[in-house]
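Some features that TrEMBL has for this protein:
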type: ACT_SITE; residues: 80; note: active site, nucleophile
type: ACT_SITE; residues: 183; note: active site
type: ACT_SITE; residues: 185; note: active site
type: DOMAIN; residues: 5-198; note: domain 'Glutamine amidotransferase'
């Protein structure tokens with residue numbers, strides 16, 4: 001097994017499975033801490049609320065194993081809620097502690113436009129990124145969310161997206177931590193490139 005897809009009760013697992021199969025990745029969907037240790041890479045998918053996501057990880061005793069493996073240098077890809085959970089804290093239905101792997105917070109989109117943002121939107125590249133190899137600048141991806149991450153450090157931000165005047169981080173590529181606010185598994189051919197690129201990242 002090369003990639004462990006973390007099942008914590010909040011993941012869009014069927015679509016993620018299909019995407020990984022499409023790019024020929026070797027993976028296993030698991031909620032076992034031992035399997036996370038054995039894997040070469042981790043994927044943390046997710047849909048739903050921040051508090052529910054952290055509750056699911058804590059219930060399965062996965063918080064410490066994820067932190068430990070990532071701090072040792074193991075690559076992780078967070079998708080939508082999975083990306084948000086990588087932050088220090090989230091402010092959805094109160095204040096909640098996150099995994100603390102990226103400095104900053106998860107907070108609501110600042111806009112007068114309708115929330116959640118549902119549909120296709122562009123990304124604007126901020127720096128070269130292994131995760132976005134072969135993806136054109138201003139490419140469209142599929143978003144479904146009301147909350148976004150606010151990293152404290154600019155180098156974390158690989159791409160941004162604007163919704164209703166709020167320019168937020170939509171792609172993370174910093175050291176061994178990767179993530180997308182959009183759903184690559186719902187973004188067609190361009191989305192599959194994200195999974196292909198993550199699969200191809202050398203350890």
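Glycine residues also receive a Cβ, built from the backbone N, Cα and C atoms like all the rest.
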Mapped onto three states, the DSSP assignment of residue 185 (active site) reads helix
Within 10 Å of the Cβ of residue 183 (active site), how many other Cβ atoms are there?
-> 22
